[in-house]
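What follows is a single structure, written as structure tokens, with notes after it.
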Amino acid sequence: MSPYVTMILISSLGLGTTITFTSSSWLMAWMGLEINTLAITPLMVKQHHPRATEATTKYFLTQATASGLLLFATLNNAWMTGEWNTMELSNNLSAPMITMALALKMGVAPMHFWLPEVLQGLPLLTGLILSTWQKLAPFTLLYMTSHELNTTTMTILGLTSTIIGGLGGLNQTQLRKVLAYSSIAHLGWMVIIIQYSKTLALLNLLLYITMTSTAFLTLMTLSATKINTLSTKWATTPIATMTAMLALLALGGLPPLTGFMPKWLILQELTKQNLPALATLMALSALLSLFFYLRMCHTMTLTISPNTNNNMITWRKKPGQKALPLAMLSIMTLMALPTTPTMVAIMN
């Protein structure tokens, strides 16, 4: 693909998300989502591989369905209330339809069926964009309308996502599918807490993007797409392999890594809201995700080949262009937990 075309598509991605961020009208917000979808579709299919074509087709059909449902719900809301404002969602029929449409856009369970299959057919860089940037626009709409949405529906969606995200990753051998189910589980935490604390939901989104970016970039450095290939990477890129292992543990929420911070604060907030049963279920579902991350790290650590450093040096790769951003993201992923009191003070 031409660099000029790639630049135009990436600019369109930024434009679509910005339009959704700044719009107060449902029609403009829908337009921003459509620009996002149309911009990422050529980026997904640029390899001309059958799996990439299949993944792009699945993604496009799913996003088109979600967009159609969202447009119908907003038109119905405008017809019944006479309001196009995104903050006005008083129609009883439109609110659940918009919830389902945004859940389908993001990949929240039980509308998650497309996400693992689509990510599996994409290269890691495009998968990174799909797992992080493409979540921003629909999450913004969910953020703006959360006060109008049904609390029970949001709770069921969030709890289902955390459980399915944990169970779905248990029997996977492909790293991209593992990261897809990790994304589903993290979205469940955001959907749960957005009803009670919007600032916590934003913090969770920010840390999720940071940790997921670190995981994807380290896997790109390692050129790894399967779990069993991680065990052979110690000889070529030992530092990146160690970073990948710690980033995966951070995604699982293991202290003292950064991933523990949002789970800690969310469970604390749910307890303050007098929801101890929900907090307990969320904590137990987080153990499912942590288990398959620990299994991956077990595979990586117990199969280190007994080579001396002299044998390993000649095979090590030189640092690439991703070294500096990866280093900065890694520091945030691994060492931000001590800043939790500062984060809480800023949010309050």
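Every residue, even glycine, has its Cβ placed from backbone N, Cα and C.
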If Swiss-Prot is the reference, give me the range from 1-21, 127-147 marked as transmembrane segment. 1-21
Spell out yes or no: are there three or more C-beta pairs under 8 angstroms between the transmembrane segment (326-346) and the transmembrane segment (239-259), with each pair 6 or more apart in sequence? yes
Same chain only, please: residues at least 6 beyond the ends of the transmembrane segment (1-21) with a C-beta under 8 Å from a C-beta of the stretch. Say none if there are none. 28-29, 31-40, 42-43, 46, 129, 133, 136-137, 140-141
